[in-house]
Amino acid sequence: MSFVITTPLYYVNDKPHLGSIYTTLICDSIARYKRLTGADVIFITGVDEHGLKIQRTAKNKGVEPQFHCDEISDIFKQNWKNWDITHNKFVRTSSQKHEYIVKEFYNRVKKSDDIYMGVQKGWYCVGCEEFKDNPDNSPTHKCPIHQKTLEWKNEENLFFKLSKYQSQIEELIKEPAFIQPKERRNEIINFVSKGLKDFSISRTNVSWGISVPDIDNHTFYVWFDALLGYVSAISLDMKEPSLDESIDNGWPADIHLIGKDILRFHAVYWPAMLISAGMKVPKKVYGHGFLTREGQKMGKSLGNVLDPDILLSKYGKEAVRWYLLKDITLGQDGDFQNKRFVDIINNDLANTIGNLLNRTSSMSRKWFDNRVPSNEMLSKDNSLELYAKKTVENYFRHFNSYELDLAANVILSLAINTNLYLNEKQPWTLIKDEKNIPLVSNIIYNVLESTRIVGLLLLPILPNLSSKIDQQLGLLYNEKGSWKKQLDWGKLIHESILPAPNPVIEKLEYE
Ligand code: MSP
């Protein structure tokens, strides 16, 4: 079973910011989960290199656009390495194979009689690379996202007949699974109900782009070119890959995970382009929310941008992953607050999960000769076992519906409950009487087993912490595809040796 997931292709006007890290971490976690459940995952990410914005950025730096793109694209690749991103396709839209796919695709759309020459007049945001409504027609009108003055454009462009696909797009977006979450779907339904307008797919004033075959001075509009990056990502690594082969290699995508600002392109323009070219539409478009900082929009001009490199070196990737994936509901906006960040990491990871592991493994080592105790009385007390089973069920349900925060929260609840179980049973009092040894061994086994399941469930979300927990419990999971089976209760082998203690997570300090 194959599963194709994509991040947006990031503009190379600058190095990755926390917003791009956020989207990529979500995709990484989903990709890891799908792999663990046995899917053959194609995880696509990459960079969007053409267009006016990049052309100007390179010009301002005094370098050639290709030089600039090579530099930033390497920084993106290095960042994904630093954050342990497990993508297997990194696409660059300035590559030759991508150019070839764009041209082949364009020819198909042309054959469907969906291209014509027209005049494009309107207000343009270079930051968004998109025409915007400017109801008051004022030359100082600003883009609500970039807060930059819009530019007036009036030029001859090629147009794509989007209006022709009105009813097909209406049908598509009616399907609740196609656009998620629900609120985002409603926005798009509303937009489409006003009537789709044809959109321009070429430019005459942008040299940094893919040239339109047979038409002098026209390059493709950056969005027409960029969306096709998802297709060229899975095409064969050759200069002239065939579009049909890309289709055979896994198209369509199972999920495009994107920010809410680029939903129209993915849920309306893109499916229409694909239908025109005789290709399948993606199965799902998921629009996540925006990150703010201490309640304020993050922006260079506001001077409050969080540098992901600093977060990474100061707190480590596991802490940032946990905060972004557990504390923010996918689809809603999320706020990054320093104090809350430190509190959550200390409470959830250090005090609840780390402490549970330390106290149980040290009791076990002390009372049972550095080993996992016997579980022979297992049937007598199965409250924790039942709780763990329910946790696993809920976890799968949440992950399958992309409710990553809820999946993370059920893991945390299992850890909290396991700590409570321990406090209630008080094995440290029971052990004082020798006749209680079987009972204590059962309690400790249950707690260790529950902790093992906590560690396993963490694997797609916090891969490093998860493997540290395994190590601390003396576990080695080498068998491929065994993750789901290992989640069954009772897999911890009694008498197995527990290694020497080694703290798995450190507490963070306030700044
Ligand atoms: N190049 C286009 C995407 C083309 S996909 C074929 C683009 N690039 S982008 O770099 O500007 O944005 C990439 C993603 O980052 C978008 O999904 C955008 O929503 C997301 N984010 C940018 N700022 C963000 C936050 N502050 N918070 C969360 N994500 C945000 O658009």
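Using N, Cα and C of the backbone, Cβ positions are placed for all residues, glycine too.
Sequence annotations record features per position, and here TrEMBL assigns motif ''HIGH' region' to 10-20. Residues belonging to the motif ''HIGH' region' (10-20) score a mean pLDDT of 93 in the model.
Sequence-distant contacts of CYS128 (Zn(2+) binding site), defined by Cβ-Cβ distance under 8 angstroms and a gap of at least six in the same chain, are CYS143, ILE145, HIS146, ASP261. Feature annotation from TrEMBL assigns Zn(2+) binding site to CYS125, CYS128, CYS143, HIS146.
What TrEMBL lists as domain 'Methionyl/Leucyl tRNA synthetase' is 141-360.
Positions annotated as motif ''KMSKS' region' by TrEMBL: 297-301.
Under the heading domain 'Methionyl-tRNA synthetase anticodon-binding', TrEMBL lists 378-486.
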For this session: Kindly report the helix/strand/coil residue split of the motif ''HIGH' region' (10-20) according to DSSP, in that order.
Result: 3 helix, 2 strand, 6 coil
Seminar exercise, completed: Excluding CYS125, CYS128, CYS143, HIS146 themselves, the Zn(2+) site's Cβ centre has within 8 Å the residues VAL126, GLY127, GLU130, LYS132, PRO144, ILE145, LYS148, LEU150
Seminar exercise, completed: Reduced DSSP state (H/G/I helix, E/B strand, rest coil) at CYS125 (Zn(2+) binding site) is strand
Exercise. If you count Cβ atoms within 10 Å of the Cβ of CYS143 (Zn(2+) binding site), leaving out that atom itself, what do you get?
Worked result: 19
Exercise. Other than its own, how many Cβ atoms are within 10 Å of the Cβ belonging to HIS146 (Zn(2+) binding site)?
Worked result: 17
Exercise. How many other Cβ atoms are found within 10 Å of the Cβ atom of CYS125 (Zn(2+) binding site), counting all protein chains shown?
Worked result: 21
